[in-house]
Amino acid sequence: MSKYIFVTGGVASSLGKGISAASIGRLLKNRGLNVTIQKFDPYINIDPGTMSPYQHGEVFVTEDGAETDLDLGHYERFIDENLSRINNITTGKIYWSVLSKERKGEYLGKTVQVIPHITDEIKSRIYQASKDNDADVVIAEIGGTVGDIESLPFLEAIRQMRSDIGRDSVMYIHVTLVPYLEKSGELKTKPTQHSVKELRSLGIQPDMVICRTHYELSQEIKEKLALFCDIDVNAVIENLDVENIYEVPMALNEQRVDGLIADRLNLNSGSLELERWKQLVDQIKNLSQEITIGLVGKYVSLQDAYISVTEALDHAGFNYDSKVKVKWINSEELEKNGSVETAFQGVDGILVPGGFGDRGIGGKIMAAQYARKNNIPFLGICLGMHCSVIDFAHEVAGLNGAYSSEFHPETPYPVIDLLPEQKEVKDLGGTMRLGAYPCKLIEGTRAYEAYQQDIVQERHRHRYEFNNDYKEQLTNNGLVVSGVSPDDRLVEIVELEDHPWFVATQFHPEFKSRPGAPHPLFNSFVQQALKNSLSSK
């Protein structure tokens, strides 16, 4: 029978509940347990797919094509498991399902209510995650903070589970903030006390409190929190800020968090094996080189919009003993001022990630052009690929006015065009080409050299694609098609033949990168950027 750990948050949002949940998952997995992690988001959207990155940050895409919260990226990277749509549930999905059942008459004339129908639906998704993943332990993070009206049905559902399956199968962990007041020079426990009081008023007694803090908690503070939160002193966990998120599992392990969980849930687990993780963290702390990557996007004021990209760069950097410094370049400002020399001064590589809409598109095209002309290692992702193709078609292949029909429907040369199967699609939500699809690699190319495989599976999120009507003309002028769908219908990767390293992909390689196992394309890109850095010194 599966065990369930519920992670709630209090005092403030953005405390790192997702990192805490992912770190606990890593520790339990290293004890030999099969772990899966869920995120419950209390917003009414079905998923974050149509939300602005400024509102939500990155949309993380799973293998099965779910558009999910960015925390799922953290979960996958920490526990090294592919998750699916059952691992991210929103209020919108829950109500949609319940209302659909009501219309079908599945409630047999009953009045449909939050309790039991909404709460039962929530619980069914938790049990389904356990079943689908054959999990020994399910960790479920409840989004938002305790006290938010939107979270109440989720909190009630997880409260009920203690009665449904027994106290020994359910554990509650509350993540809070212990703020430091500069004026008085002391840490304040009152916000955490009130947050736990609010949680207890809803019928949930936390078994452990993880305290985010800038300063170490004294024994006196821990004892005070234990007294007012009604938990053991050793269950008051200090979660200090760290330089790198991959240090968190070790920090929790030093306080026996995994041991406390194993004891509380009577887990039949093995001894903890954390040596490889410690080696990774030691490696991260002692990187001897540094490179700079210019990341050109229009959401750069909210860096969480590109969190998987920056993590993938870091993973590759670890592999080459290099810290990867990101120089954030606003594509809209670049388009307006045109100062490419200033923008890319000191960069060792240029990366243009995905995005939507025509705002700032000119700046991204300028970035691809600058990398092409100056032999700077370049990685284009999704829209980044489109921009590199547009630049090449216009500047090299002589197709003046070439563009994407997404932005210029009247372009005489739509080198990027809508996928045929998308032409009758009207709804925006969940209707793109989503999830993992196979890609056939062409031997003798940069892509094949990076992967060393004939067929790879990569995750997609797009409606527009390379237009094969211009394939022959572009390849005759030096564009290399290095990856295609198995039926040769879709172009997945393009390169430049007379360039040290210029690769652009239709898919999103960043979603499959892991610490200790960097994605092959990011690995090769960072390697070339490092060579570029060393040769310029």
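Just so it is clear, glycine is given a Cβ too, placed from its N, Cα and C backbone atoms.
What Swiss-Prot lists as region 'Amidoligase domain' is 1-267.
For Lys224 (UTP binding site), other Cβ atoms within 10 Å of its Cβ number 17. Sequence annotations record features per position, and here Swiss-Prot assigns UTP binding site to Ser13, Lys188, Thr189, Lys190, Pro191, Thr192, Gln193, Lys224.
Annotation comment: Swiss-Prot describes Ser13, Asp148, Ile149, Glu150, Lys188, Thr189, Lys190, Pro191, Thr192, Gln193, Lys224 as CTP binding site. When secondary structure is read from DSSP and collapsed to three states, Ser13 (UTP binding site) falls in the coil class.
Applying an 8 A CB threshold to same-chain residues 6+ apart, the list for Ile19 (ATP binding site) reads His74, Ile245, Val248. Summarising the annotation, Swiss-Prot assigns ATP binding site to Ser14, Leu15, Gly16, Lys17, Gly18, Ile19, Asp71 and lists sequence analysis as the type of evidence.
His386 (L-glutamine binding site) carries a helical DSSP state (H, G or I). Other C-beta atoms found within 10 angstroms of the C-beta of His386 (L-glutamine binding site) number 29, with every protein chain shown included. The L-glutamine binding site feature in Swiss-Prot is assigned to Tyr54, Gly355, Leu383, Gly384, Met385, His386, Glu406, Arg463.
Residues or ranges marked as Mg(2+) binding site in Swiss-Prot: Asp71, Glu141. For Glu141 (Mg(2+) binding site), applying a Cβ distance below 8 Å and a minimum sequence separation of six or more within one chain yields Val7, Lys17, Gly18, Ala21, Ile37, Gln38, Lys39, Phe40, Asp71. DSSP assigns Glu141 (Mg(2+) binding site) to a strand in the three-state reduction.
Residues or ranges marked as active site, nucleophile in Swiss-Prot (evidence: sequence analysis): Cys382.
If you look up Swiss-Prot, you'll see His508 (among others) marked as active site, on the strength of sequence analysis. For the recorded site, His508 (active site), the DSSP three-state label reads coil. Counting only same-chain residues at least 6 apart in sequence, those with a Cβ under 8 Å from the Cβ of His508 (active site) are Val61, Ser308, Gly354, Ile381, Cys382, Glu458, Arg459, His460, Arg461.
As annotated by Swiss-Prot, active site applies to Glu510 (among others). Around Glu510 (active site), the same-chain residues six or more apart in sequence whose CB sits under 8 Å from its CB are Ser308, Val309, Glu311, Ala312, Pro353, Ile381, His519, Phe522, listed in sequence order.
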Pro191 (UTP binding site) to Leu15 (ATP binding site) - Cα separation in whole Å: 14
Conformational class of Lys190 (UTP binding site) under the three-state DSSP mapping: helix
Leu15 (ATP binding site), number of other Cβ atoms within 10 Å: 19
CTP binding residues Ser13, Asp148, Ile149, Glu150, Lys188, Thr189, Lys190, Pro191, Thr192, Gln193, Lys224: largest Cα-Cα distance, in Å and rounded to whole number: 31
Cα-Cα distance linking Gly16 (ATP binding site) and Lys224 (UTP binding site), given in Å to the nearest integer: 23
Thr189 (UTP binding site) to Tyr54 (L-glutamine binding site) - Cα separation in whole Å: 32
Thr189 (UTP binding site) CB neighbourhood, other CB atoms within 10 A: 22
